[in-house]
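Novice: Relevant sequence annotations retrieved from Swiss-Prot are reproduced here:
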LIPID     SER1  O-palmitoleoyl serine
CARBOHYD  ASN69  N-linked glycosylation site
DISULFID  CYS82-CYS97  disulfide bond
CARBOHYD  ASN83  N-linked glycosylation site
Amino acid sequence: SGSCSLKTCWLQLADFRKVGNALKEKYDSATAMKLNGRGKLVQVNSRFNTPTTLDLVYVDQSPDYCVRNESTGSLGTQGRLCNKTSEGMDGCALMCCGRGYDQFKTVRTERCHCKF
């Protein structure tokens, strides 16, 4: 009698958060490139390491999303409400792009429909 072993391999996407974090890290460390006289891509700043095939590169600068720009559809961040204590995307430090922000307190009175 003979024995047989069976192996099954498959590809599976990584956790969405991990993929997003990896892409953001690559975006933040992308290398600026330009076309030289021969039409070949070369680094704008040669002090940095040459990008590998796994790195992101770019030719055009990303728009400044802090400033309103109708051609890109960006509404900017001026006048938006931010969360002073948050370190996330809704936090004032990130959303206000270093321009500072106004602070205010609001007192609201609401009926609570409490029963005693």
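Every residue gets a Cβ built from N, Cα and C, even glycine.
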Novice: For ASN69 (N-linked glycosylation site) and ASN83 (N-linked glycosylation site), determine the Cα separation and express it in whole Å.
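Specialist: Between the Cα atoms of ASN69 (N-linked glycosylation site) and ASN83 (N-linked glycosylation site), the distance comes to 24 Å.
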Novice: Counting across all protein chains shown, how many other Cβ atoms sit within 10 Å of the Cβ of CYS97 (disulfide bond)?
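Specialist: I count 14 other Cβ atoms within 10 Å of it.
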Novice: What's the CA-CA gap between CYS97 (disulfide bond) and ASN83 (N-linked glycosylation site) in angstrom, rounded?
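Specialist: One finds 14 Å between the Cα atoms of these residues.
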Novice: Near ASN83 (N-linked glycosylation site), which residues of its own chain have a C-beta under 8 A away, given they sit six or more steps off in sequence?
Specialist: ASP90, GLY91, CYS92
Novice: Neighbour count, 10 Å Cβ-Cβ cut-off, for CYS82 (disulfide bond): what number do you get?
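Specialist: Around the Cβ of CYS82 (disulfide bond), 15 other Cβ atoms lie within 10 Å.
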